[in-house]
Amino acid sequence: LLLSGIFLLQGVHSCPEKCFCHPSLNFVDCRHRGLTEIPPDLPPQTLTLLLQDNQIRQLPAHVFRSVPRLVTLNLSNNSLSHLVPEVFHGLRHLQVLNLTHNSLLSLESRLSHSLPQLRELDLSSNTISHLPTSLGKPWENLTMFAVRGNQLQHLDRRLLESMPSMRLLLLKDNLWKCNCHLLGLKLWLEKFIYAGGITDGVLCGSPDIWKGKDLLRIPHELYQPCPLSIPHLAVQQHDVAHEEVPKSPENHNSGERDPVSCEVKPKPRPTNLRHAVATVVITGVVCGIVCLMMLAAAIYGCTYAAITAQGRGGPLVQTSDSGKTGGKEVFDHSPA
């Protein structure tokens, strides 16, 4: 009985003072409590932790180490502006993470290392202006990714390719710049939708010619290839005896090649299949019309010639016969 009482007292005192706990459900509710930091005495068996609608400004590294079994974490509607690399370290079982309505500027590129089982990540309604190209490790279990209501202009398709199980992608209400750099996203979205994925679409914010247009409705042919940019390559100096190396344009002060002379020219764009098919069809139709016109002209000419010859054939024959007869008579009587 004494041990049971001790365990009961531990269970009672393990709930934070400003929170409400449901021991049977392993559920901790800390909503609307005016918290400025994560409560330090969270029950270790907690599976769901609700911290939305508070005033939390920062999350220290390993702040959730006391709740390693956590599955659902809601931090929406706080004042978070930055996430340190190891903030979610130890949450190996976390599946749902809600960070909406904060002031986040970016997404930590190593976040996937701490959350291998994450299935839903919602970053909507922040001030994120860019996302990393890669997370360092694929999010193989992520099925929902939302970045609505941010300030994104570009999104590298390599980031989306690191989420092979994703089925719901929410990208609406951003500042998408529909230029050549967004063509990769367009091609990835077309493949994603064809495979059964769901997205709310990408509405262009610029340039003016595409403002308000759906990215998926802009033809591929209207995109020009992006100019390739290469970084300045440092020239390595090698001591080669008795060998003449042709001089190349270099900056002798900095040891770098001239970027203009080293610029890689973009490869010619391959011919579009739809254009080729359309060209063949149009050419065939035009040639067919010309051939029909020539055939009609030939038939008309032959018919007209036949009718003309038939109308003049009788008189011509008679005239020729009479000519022959008259000639014969003249020939016969001439000797007499």
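Cβ atoms are placed via backbone N, Cα and C, with glycine included.
Using a Cβ-Cβ cut-off under 8 Å and counting only residues 6 or more beyond its ends in the same chain, the domain 'LRRNT' (14-48) has close neighbours at 54-59, 63-64, 66-72. The domain 'LRRNT' annotation in TrEMBL covers 14-48.
What TrEMBL lists as compositional bias 'Basic and acidic residues' is 239-266 (among others).
According to TrEMBL, the feature region 'Disordered' maps to 239-269 (among others).
Nonlocal intrachain contacts for the transmembrane segment (276-302), taken as residues 6+ away from its ends with a CB within less than 8 angstroms of a stretch CB, are lacking entirely. The feature transmembrane segment is assigned by TrEMBL to 276-302.
According to TrEMBL, the feature region 'Disordered' maps to 313-336 (among others).
Marked as compositional bias 'Basic and acidic residues' by TrEMBL: 326-336 (among others).
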